[in-house]
Amino acid sequence: APVVYSLPATYDLSEDTTAETLLHTINVTDPQGTTVTCSLGTSGVPFLVKYISGTTRYGIYSQSLPNFNYNSINSYPLSIICTDGTDSTTKTFTVYLIKNSPPVIVNLANSTSIPTSYTSGTNVFTVITTDPENDQLSYSMTCNPSPCIFVIYASGLIQLNTSLTGQTIAGYDLSITVTDGKNTFGPKILTVTITGINNNPVINNLPLGAPLSVAENTALGSTVYTVSVTDLDPDVHTWTMTSSPGTGMSYFTLNSGTGVITTSSTNAINYETLATSSFTFTITVSDGTATDTENLMISISNVNEVPTFNQPSYSISYNESTAGTALPNPSFGVSDPDSSDIKTYTLNCGSSPGFTMNSVTGVVSLSIDYDVDPGVLATTVICTVKVTDSGGLTATASLTININNINDNNPTFTASSYSFFTTYDVAVGTTIGTVTATDADLGIYGSITYTLDQTSLGNDYFQISSLGVITTKASLSTFGSGVTATIKAKVTDGGGRSSSATVYIVTGETTTTSSTTTPEYKSIFKDNRNIAWVVLSAITGAAIIGYLFWLGFSIYRTGWPKLNWSKSCAESNPFKNLCGDEDDVVSVYEDEDNDVKSVTSERTNEDNASRYDRSEPEPTNRSIRTVRPHPPPIESQGWRRF
């Protein structure tokens, strides 16, 4: 059998090996001198046994691109078989992998600065890396912020890939990673600061989460918002603003130096006149090189505004009248910017009663019968009118109510007639008597004037004073004794209303004693002018006396005159049992006590006009009140007196 002299053996192989590598030369002989052939007895491994080029010896090789991975398999025991065609010998060859050592970046983390004058392709930094195996290295890199304006090569060189002219970003953090194919190192940070760059201003309090609400009628020039900015550079900032719609610029102003937004100093905000209540303002801040822009929405809110009377006081006048009477409309002029508000009117007249107001129209009506004549109710009342809008805001004005005293009462005498006695020979100017009249009206309408109507006398014998005192104006000698003069007294008030009373003035004679003269009234028989009517009166009186004597005698004999009633048998009555047929008439005869004395039935039709008596027995002893209602109700039941 072949003899292998060099095996068993071992070999340490780097896991980074990628090329086909001779690991061992097999030293083998055959005692018979037979040719020996060697081969790999282990399958599935990245190794092979073959002739060493240019020799007759066999070698153990690692395959090309074996993809060793120490972490997975770190040793390979290989079976090597050598044979002379008849006999064979097997030996072991063990390969131990050496773990790869990672590369190490030795100059990161680090920082560097570059000016804005650098252009594309300018070297920025070189990353230095060591690797024990001197493996081929490769780099990867990310930038914050992105996009990245740098590139890194396999040598570790970092260059700009764009010009920095106009650059606004002040710096970048470069995260750099290196790998040797087996192990990775990093990332490590390289901070690149760009000097001489302008930092952009940034508006830091816009946009808002909701529109900014500004109430109408906000005072002119009031601050409503201040826009603020963040800038890493100590730059001077300038603010500008536009509006959509453009009318918003009429109501708001932006201070270009401070960013303060205020209401206009000249135009008040009136919600009711705005075409739109929402505005979008575009606000821009500039540091001279860079700008930032944000939007601010402003919403105008409606505010309940106070109603106002167009004048401080109003007045109305009307005549005294009855409850419920509407007085003239005061026509209150009330202005309210909130045109949709409902206005409510109330009236306060203090302790003065009698007035109520329509809460919608403001019209005043009398709540009581308003009569100023008793002197209790005032003719002029000053009230306060209050108007209240839908939001509860109020305004007041004065209302003067004048109630005119009208002539609504007639003057009246205290009696409908007056009788006075005098003698026909009294002196002119003598007081006959006094009539009295009153008028419930006040003022001029309550003043009264008396006059006398003496037309029936044919001459003015009497006169009346303003106090109603009647005196003689002319001699009464023509009257004589026993004469009654009838005249009319008339009272008239200041408004022309009047009434009258009858005045009887009776004249008599005078009798004279030693110290006193008194009127003597003549008997009727002493006046020849009265003889005729005295005779007539005597005859009439005698006739009356005779009738009364006869009536008394009759009552003495027969009692009081009978009261007679009748009713048709066709009608309902309590004596229908006496009726022959419906053409009959029942007659009832009563005495002075309304007791029924007799009830008869009579035939009244033309074919038999004779009278017959179906009398109820005399002692009925039934009062008429038990038979039928006592008259006059009997008449309402169809009975007729005859």
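Cβ from N, Cα, C; glycine included.
Residues or ranges marked as compositional bias 'Basic and acidic residues' by TrEMBL: 603-619.
Looking only at the domain 'Cadherin' (106-203), the predicted model's pLDDT averages out at 93. Per TrEMBL, domain 'Cadherin' is recorded for 106-203 (among others).
Under DSSP, residues within the domain 'Cadherin' (206-309) fall into helix, strand and coil as 8 helix, 46 strand, 50 coil. The domain 'Cadherin' feature in TrEMBL is assigned to 206-309 (among others).
Residues or ranges marked as domain 'Cadherin' in TrEMBL: 310-413 (among others).
Per TrEMBL, the feature domain 'Cadherin' maps to 414-521 (among others).
Summarising the annotation, TrEMBL assigns region 'Disordered' to 591-642.
For 531-553, the entry in TrEMBL reads transmembrane segment.
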I'd like the per-state residue tally for the domain 'Cadherin' (414-521) from DSSP, helix first, then strand, then coil.
7 helix, 55 strand, 46 coil
Going by DSSP assignments with H, G and I as helix and E and B as strand, what are the residue counts for the domain 'Cadherin' (106-203)?
0 helix, 49 strand, 49 coil
Which residue counts does DSSP give the domain 'Cadherin' (310-413) for helix, strand and coil?
0 helix, 43 strand, 61 coil
